[in-house]
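Trainee: Please see the structure below; I have some questions.
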Amino acid sequence: VHLTGEEKSLVTGLWGKVNVDEVGGEALGRLLVVYPWTQRFFDSFGDLSSADAIMNNPKVKAHGKKVLNSFSDGLKNLDNLKGTFAKLSELHCDKLHVDPENFKLLGNVLVCVLAHHFGKEFTPQVQAAYQKVVAGVANALAHKYH
């Protein structure tokens, strides 16, 4: 993904303030609530019967944290997202059979959650930079599908 120096600074500056535990669980939870068909990939997570059940589900929170820790790794390797996410792309494609469109959906949900958490600090410039990053990550995760 190509980011200017300023965009990289905006992304990494805000990311340093992100509570990965909280934001990860919230982003994944919101994905499962807003796009209920994505729940089929999480059959082993127990109760996903309502928005409250999903948002308070410890397995959703734990996996959300795991997802954002991987996203953090991507932010450290913006010039090699495909390499950074190669194994995860293979896992999600070959073993889990996740629709690659879901990566885009989760990226967009993450941007919304960050905007909610950071308010005015999440400026249009920050949003634009994050949109580039989540698109790049989604593309890297979908790489093995091509």
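Quick reminder: no glycine exception, Cβ is built from N, Cα and C everywhere.
Found this in Swiss-Prot, in case it helps:
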type	residues	note
MOD_RES	VAL1	N-acetylvaline
DOMAIN	2-146	domain 'Globin'
MOD_RES	THR12	phosphothreonine
MOD_RES	SER44	phosphoserine
MOD_RES	LYS59	N6-acetyllysine
BINDING	HIS63, HIS92	heme b binding site
MOD_RES	LYS82	N6-acetyllysine
MOD_RES	CYS93	S-nitrosocysteine
MOD_RES	LYS144	N6-acetyllysine
Trainee: Including all protein chains shown, what's the count of other C-beta atoms within 10 A of the C-beta of THR12 (phosphothreonine)?
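Mentor: For THR12 (phosphothreonine), the count of other Cβ atoms within 10 Å is 14.
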Trainee: Taking the Cβ of CYS93 (S-nitrosocysteine) as centre, how many other Cβ atoms lie within 10 Å?
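Mentor: If we count other Cβ atoms within 10 Å of CYS93 (S-nitrosocysteine), we arrive at 17.
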Trainee: Tell me, in order along the sequence, which recorded positions from HIS63, LYS82, CYS93 have their CA within 10 Å of SER44 (phosphoserine).
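Mentor: Hits: none.
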Trainee: When a 10 Å sphere is centred on the Cβ of the residue listed as 'N-acetylvaline', how many other Cβ atoms does it contain?
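Mentor: Looking across every protein chain shown, the total is 17.
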Trainee: Quick one: DSSP breakdown of the domain 'Globin' (2-146) into helix, strand and coil?
Mentor: 119 helix, 0 strand, 26 coil
Trainee: So if I measure Cβ to Cβ from LYS59 (N6-acetyllysine) and keep only same-chain residues at least 6 apart in sequence, which ones fall under 8 Å?
Mentor: PHE42, SER44, PHE45, GLY46
Trainee: From the Cα of the residue listed as 'phosphothreonine' across to the Cα of VAL1 (N-acetylvaline), what is the distance in angstrom?
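Mentor: Distance between the two Cα atoms comes out at 14 Å.
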Trainee: Can you tell me the CA-to-CA distance separating LYS82 (N6-acetyllysine) and CYS93 (S-nitrosocysteine), as a whole number of Å?
Mentor: 14
Trainee: Among the recorded positions HIS63, LYS82, which residue has the largest number of other Cβ atoms within 10 Å of its own Cβ?
Mentor: HIS63
Trainee: C-alpha of HIS63 (heme b binding site) to C-alpha of THR12 (phosphothreonine): distance in Å?
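Mentor: One finds 22 Å between the Cα atoms of these residues.
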Trainee: For VAL1 (N-acetylvaline), what is the secondary structure state per DSSP, taken as helix, strand or coil?
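Mentor: In three-state terms, VAL1 (N-acetylvaline) counts as coil.
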Trainee: Within 10 Å of the Cβ of the residue listed as 'phosphoserine', how many other Cβ atoms can be counted across all chains shown?
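Mentor: The residue listed as 'phosphoserine': 6 neighbouring Cβ atoms within 10 Å.
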